[in-house]
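A.B. asks: Below are the features listed in Swiss-Prot for this protein:
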- 5-185: domain 'KARI N-terminal Rossmann' (DOMAIN)
- Tyr28, Gly29, Ser30, Gln31, Ser56, Asp86, Met87, Val88, Gln89, Gly137: NADP(+) binding site (BINDING)
- His111: active site (ACT_SITE)
- 186-331: domain 'KARI C-terminal knotted' (DOMAIN)
- Asp194, Glu198: Mg(2+) 1 binding site (BINDING)
- Asp194, Glu230, Glu234: Mg(2+) 2 binding site (BINDING)
- Ser255: substrate binding site (BINDING)
Amino acid sequence: MKSTSKIYTDKDSNLDVIKGKRIAVLGYGSQGRAWAQNLRDSGLNVVVGLEREGKSWELAKSDGIIPLHTKDAVKDADIIVFLVPDMVQRTLWLESVQPYMKKGADLVFAHGFNIHYKLIEPPKDSDVYMIAPKGPGPTVREYYKAGGGVPALVAIQQDVSGTALQKALAIAKGIGATRAGVIPTTFKEETETDLFGEQVILVGGIMELMKAAFETLVEEGYQPEVAYFETINELKMLVDLVYEKGITGMLKAVSDTAKYGGMTVGKFVINEDVRKRMKEALQRIKSGKFAEEWVEEYGRGMPTVVNGLSQVQNSLEEKIGNQLKDLIQKGKPKS
């Protein structure tokens, strides 16, 4: 098992490395808004690049950030930060960034997908690096304003200048990440582990596990309302415990009956066959097969995603969950 020997913090980073450089943040969604405001509040020169004037444009202006059309934002930028969705980045790069960016400008990413799978092929004279915060944009902003920061990953793909790591850590400091800690990785590792986590546990795995457990109880004649509470709703409490105290802390917090049942039946359900399928899923990611399929799916208008979402929305567990929302919210203490 390999482990990192270095975690970068504030003492390893210096904003002076990028002071005076113009930073163009492309996109003003969850991460874009947080990054732009945090970098601005750290005393850096920030503009936002957007494809059109709309809600995001007006929001940036109301936040005190200068919005520009993407072409105008990148032409004078020393550092270009891609914070638009993965599947928009290639088109944005080809149409609005590559033809207009100045020679030698840095390219920065928050996720390695487009670089790792070569959807974007950067110029050979650009530094290319990644800062990947391990939290959503609003949390990145909230923690920064409170004097803290969200941990992040850092990776260097191209280091033409010899100072790519220093600049990456300066960006990390600018968004508050070095207050918590920044872990070195690679574009390959970040991309493959991120996709794997989404597919086998965070989205795909947990969704199908909840669905299968709920349907098993309902098929055996149990009330769907009771099944929903036991297989879906209570998950939040357990995840919160793991988040706050780790798996050991969660186990200590549940009943002895739950501990024994979990430790014996858990391995029966998540058995060697499941682990084998997880490895198969990982191989699809590593080989580029998943990326190839996803690019094709996106180009066809995402029919699998659209149909899948419709099925979930019309499922019994979703209908029961919607019916129980008022009951669940009713018991929450008023703040």
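From the backbone N, Cα and C atoms, a Cβ is placed for every residue, glycine too.
Have a look at these and tell me how they're positioned relative to everything else.
C.D. replies: On the 0 to 100 pLDDT scale, the model's mean across the domain 'KARI N-terminal Rossmann' (5-185) is 97.
Ser30 (NADP(+) binding site) falls within a helix when secondary structure is assigned with DSSP. Long-range Cβ neighbours of Ser30 (NADP(+) binding site) (same chain, at least 6 residues apart, Cβ-Cβ under 8 Å): Pro136, Gly137, Pro138.
In this structure, His111 (active site) belongs to neither helix nor strand by DSSP; it is coil.
A simple way to gauge crowding: the CB of Glu198 (Mg(2+) 1 binding site) has 13 other CB atoms within 10 angstroms, across all the protein chains here.
DSSP assigns Glu230 (Mg(2+) 2 binding site) to a helical segment in the three-state reduction.
Within the same chain, no residue at least 6 positions away in sequence has its Cβ under 8 Å from that of Ser255 (substrate binding site).
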A.B. asks: Which one is closest to Asp194 (Mg(2+) 1 binding site) in space, judged by CA to CA distance, out of the recorded positions Tyr28, Ser56, Gln89, His111, Glu230?
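C.D. replies: Spatially nearest to Asp194 (Mg(2+) 1 binding site) by Cα position is His111.
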A.B. asks: Output, ordered by sequence, the same-chain residues six or more apart from Met87 (NADP(+) binding site) with a CB under 8 Å from its CB, or 'none'.
C.D. replies: Trp294, Val295, Tyr298
A.B. asks: Taking the Cβ of Tyr28 (NADP(+) binding site) as the centre, count every other Cβ atom within 10 Å, in any protein chain shown.
C.D. replies: 28
A.B. asks: I need the nearest neighbour of Glu234 (Mg(2+) 2 binding site) among the recorded positions Tyr28, Ser56, His111, using C-alpha distances.
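C.D. replies: For Glu234 (Mg(2+) 2 binding site), the closest Cα among Tyr28, Ser56, His111 is found at His111.
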